[in-house]
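Down below is the structure, laid out as structure tokens.
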Amino acid sequence: MPNYTVPPDPADTSWDSPYSIPVQIVVWIIIIVLSLETIIGNAMVVMAYRIERNISKQVSNRYIVSLAISDLIIGIEGFPFFTVYVLNGDRWPLGWVACQTWLFLDYTLCLVSILTVLLITADRYLSVCHTAKYLKWQSPTKTQLLIVMSWLLPAIIFGIMIYGWQAMTGQSTSMSGAECSAPFLSNPYVNMGMYVAYYWTTLVAMLILYKGIHQAAKNLEKKAKAKERRHIALILSQRLGTQVGVSLMLQSKAEKEKAEEAQKDSGYTSNQAGDANNLRRFGFSEPETSQFRVDPNSNNNLNVEGSLNTENDQNLGVIEEERSGFLSRRESNESYYPGPHPTAANSRRCSEMEKVSLLSESDGVPSTRPAKSYGRLSLRSRYSASESITTTHENDEKEVEKADSLQKLFADDELGSVLNFKEEKLKNTDSNNDSDTTSVILQRSRKYKKNKRPRSSRRSEHSTPRQIAKVKQAEGTAAQLIEESVPDDDQTETIEVKRTDRWVVSMKKRIARALIRRRSTTRPERGSSSNSDDSSSEVEGEEKPEVRNNGLKIPQLTVNNENRGETSSQPGRDRLAPPNKTDTFLSASGVSRKISTISTVITREKVISSIFAPIAVFNRGRKQTKAEKRAHKAFRTITFIVGFFAILWSPYYIMATVYGFCKGECIPSFLYTLSYYMCYLNSSGNPFAYALANRQFRSAFMRMFRGNFNKVA
């Protein structure tokens with residue numbers, strides 16, 4: 001505020017500048033630019049409030065509009081009139097009335113700016129620290145009343161101090177040349193008291209409120225982070241508890257599996273629960289025979305424990321092996337045969353076929369004897385189409401032809417790849433909790449091309465009356481067992497071989513379509529042995545089945561049938577082959593035995609990913625709450641507004657407080673003038689402070705710079 005008095009002599013109001021014309025031109029250019037920037041910037045703030053609904057609907061933005069109006073007036077009257085006084089050599093050339101009016105406007109608008117900044121700071125503090133109460137109390141009417149009071153109070157104070165000073169004190173206006181100054185500046189104590197009352201007190205209050213806003217924003221951020229940490233800790237504890245339970249369950253399951261493996265005699269067992277389910281699915285009732293096992297201490301690797309007992313152990317092994325092999329072939333064929341269920345008549349015919357098979361085997365003719373297991377059977381074994389059973393009765397030959405026609409179904413590569421070890425069976429193994437105890441018996445057939453003789457001649461050469469008697473004795477028991485394991489059905493089997501062939505063709509088409517759909521979705525990796533010819537490769541006189549590797553580790557159990565000789569003393573006994581001669585089933589290494597290995601690995605990966613999933617929250621930016629956003633917005637606004645205010649206004653009030661005591665002799669005139677211009681620069685910088693602190697004002701300014709002054713609804 002100017003500290004000058006108006007001279008009473010009108011002659012002293014003439015223009016007499018001590019500065020050169022170029023200096024005056026440069027100064028006027030700078031002042032005009034600053035004045036226009038102040039006017040345009042604050043006018044844009046008022047216009048943004050009118051055209052931007054997001055700004056106008058917030059009641060607190062009215063304080064900003066009030067501050068912009070006061071700064072706008074300062075830009076109109078402050079810069080030009082003070083520049084006239086400075087360039088004229090610190091003399092007022094416009095008269096006494098103009099001097100008093102300019103002093104009144106200048107002091108009033110400066111105090112209005114101070115009080116408005118105080119209102120903005122208090123509004124931001126209450127909205128952050130006492131949100132509920134303040135929002136309930138705040139209303140447009142109350143806000144407008146506070147704004148009016150912020151204008152009326154400075155006008156009343158400085159109207160009395162400027163226009164009524166002479167009436168209050170009885171002193172005439174002091175004249176010192178052409179000086180124009182406020183009359184109360186002549187009393188240093190009143191001058192200092194006024195500056196302390198309306199500036200320094202207000203500045204301290206604003207700093208306290210600013211500190212409160214900063215602390216509130218900090219506390220909200222701490223609370224939000226603590227809440228997020230508690231939430232993450234809760235999620236981690238829940239997931240860890242779940243994973244601990246799963247780990248304990250898997251550990252107990254693994255211990256149970258190890259205990260079951262320790263009880264196995266030959267390395268594989270059959271689970272009766274899964275056996276019953278598979279038999280019911282194939283259309284059979286649960287058999288009453290006991291399970292089969294491989295006895296490593298016996299001369300015969302495949303023995304039968306249960307229903308048949310004979311005096312001769314060697315003949316008993318042959319008979320039981322043939323009966324079990326016949327039952328296995330019959331169940332495998334009928335489970336995929338689209339005809340009626342087996343009947344009692346069929347059982348009798350099967351018993352006759354069994355007798356023929358037993359006789360042919362007793363003669364020393366090697367035959368295919370797939371190992372029987374009432375669990376999940378591996379259907380990958382392919383029956384040799386050239387192997388047929390010759391009998392002396394026409395009915396037996398017809399039955400054998402039907403059985404051989406069904407063997408075509410299993411001789412196809414694609415069909416075997418689908419029927420063997422489907423994923424659905426893997427799921428069933430997990431549901432039955434017996435995946436580790438499931439034995440996959442690889443059935444294989446052997447073809448002898450060297451020294452091949454008719455079976456009838458071999459039977460006549462090696463058959464003995466005692467063996468035939470043993471076969472007849474076992475016939476009744478075998479037929480009875482088959483009848484007990486097959487449900488009664490009055491329908492007769494009238495399916496012809498041609499119909500069976502048609503069904504085989506249709507089944508192949510269905511399986512081919514299923515394979516195409518499955519390959520398009522899963523696309524499993526196939527091993528090098530996936531493409532093999534239908535004809536079997538002969539290595540050491542035995543046929544190796546086709547191996548398909550789809551990339552999964554499947555538990556396997558291999559039983560190798562090795563020909564020890566073609567003499568009648570060793571009629572095709574089976575034994576467990578060494579590791580280098582074993583066949584692999586859907587596995588390249590041939591060492592995996594547990595299906596649970598797959599699920600265990602997947603489960604372990606899921607456990608690790610699920611445990612460390614919440615940690616990813618720390619890697620991305622934390623989402624702020626609504627209260628945090630409000631606090632940070634208020635903090636930014638107050639930082640710019642109060643920061644500009646304190647930096648630009650404090651130098652002048654420091655010098656003005658000292659100025660009254662030393663009469664201007666202790667303060668250089670240049671510093672005093674510069675500090676006064678800094679007060680005006682605060683009005684020029686406030687619009688930029690709004691734009692930097694508030695995104696809504698920034699977007700509105702960009703619209704107006706592009707020439708868009710349309711009101712947004």
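Each Cβ is built from the backbone N, Cα and C atoms, and glycine gets one as well.
Note that the structure is predicted; figures quoted are calculated from it, not measured.
Placement of ASP16 and LYS57 with respect to the membrane, taken from Swiss-Prot, is on opposing sides. Within 10 Å of the C-beta of CYS180 (disulfide bond) we count 24 further C-beta atoms, all protein chains included. CYS180 (disulfide bond) falls outside any helix or strand according to DSSP and counts as coil. Packing around CYS99 (disulfide bond) is summarised by its Cβ count: 25 other Cβ atoms lie within 10 angstroms of its Cβ, all protein chains included.
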